[in-house]
Amino acid sequence: MGVCGYLFLPWKCLVVVSLRLLFLVPTGVPVRSGDATFPKAMDNVTVRQGESATLRCTIDNRVTRVAWLNRSTILYAGNDKWCLDPRVVLLSNTQTQYSIEIQNVDVYDEGPYTCSVQTDNHPKTSRVHLIVQVSPKIVEISSDISINEGNNISLTCIATGRPEPTVTWRHISPKAVGFVSEDEYLEIQGITREQSGDYECSASNDVAAPVVRRVKVTVNYPPYISEAKGTGVPVGQKGTLQCEASAVPSAEFQWYKDDKRLIEGKKGVKVENRPFLSKLIFFNVSEHDYGNYTCVASNKLGHTNASIMLFGPGAVSEVSNGTSRRAGCVWLLPLLVLHLLLKF
């Protein structure tokens, strides 16, 4: 309902009918603009929702009566207001100009407005079209989503506005990779862990600043041990074995030696777990502690393991792809003693 959708005062009903006859603007009859040098209304008027629209009509001293109409309903006739909408006010009524203002414009105000005048000869009309622009607004967007690696996802971002806004999707974290879609819908087939992170939906139509919303996409995948560190430690010293694993959800770690799980606090051993890292700490290394240890990382999607060596001084540990193995030992002191015995 536009500015014309308000009731008229009952005592003016007869005058309304008279004015319609006077100005010859019956409902449904098209009105042409520019049939004469006057009245001359503005070209199309474009305003943003919430702003004020001024409708001006240029006239001259030959005019005896003048009115502004919204479609076929009179808003103002001369100085008299026929519309009860408080947003419609008279700005000027002079020999050269007849203007009204519609305040706090809304989308239902959009449409044709007619300036109608009466001269000594016959009525004349001129029309202007009011265009209402609306800032973009995102009315529907997908919720944050958690999905297993390899599955397909579809993200939705619905926006309204006048003109119709352009919607774009962009992957912004963990690192920006530019625009990935210029559509309301973003389809990702066989999603990978690298495609996790925040996705930004932007709606713009040049009426106001773009509107931005974000969706967080979490990609779940089984653990992958990216680093497994063995170490050489003398007897009686502190030693640490490290196992680092990438996983979503975060991996849970367990340590084993000779197929037996190591329990924290037993035999001077401590297990220190963080979301992506586990440490097996020996406070006082003994000969019995040397050997091969297994780090197991697991989450709800799977598990993996790596072999890590704790060795003594002089031993060489070869580490590859999260596993370590003993390559050999060279004990320098026994060789030196043997050399001295043979010499003498």
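From the backbone N, Cα and C atoms, a Cβ is placed for every residue, glycine too.
Between C57 and the candidates C4, C115, C157, Swiss-Prot annotates a single disulfide bond, the one to C115. Disulfide annotation in Swiss-Prot: C295 is bonded to C243, selected among C201, C243. Disulfide annotation in Swiss-Prot: C157 is bonded to C201, selected among C83, C201. The number of other Cβ atoms within 10 Å of the Cβ belonging to N152 (N-linked glycosylation site), over all protein chains shown, comes to 10. Highest local Cβ density among the disulfide-bonded residues C115, C201 belongs to C115, counted as other Cβ atoms within 10 Å over all protein chains shown. When each of the disulfide-bonded residues C157, C243 is scored by how many other Cβ atoms sit within 10 Å of its Cβ, C157 comes out lowest. A sphere of 10 angstroms centred on the C-beta of N44 (N-linked glycosylation site) encloses 11 other C-beta atoms. Of all the recorded positions in the record (N44, N152, C157, C201, C243), the one with the smallest CA separation from C57 (disulfide bond) is N44. Each residue in the domain 'Ig-like C2-type 3' (222-309) gets a DSSP state, and the totals come to 6 helix, 56 strand, 26 coil.
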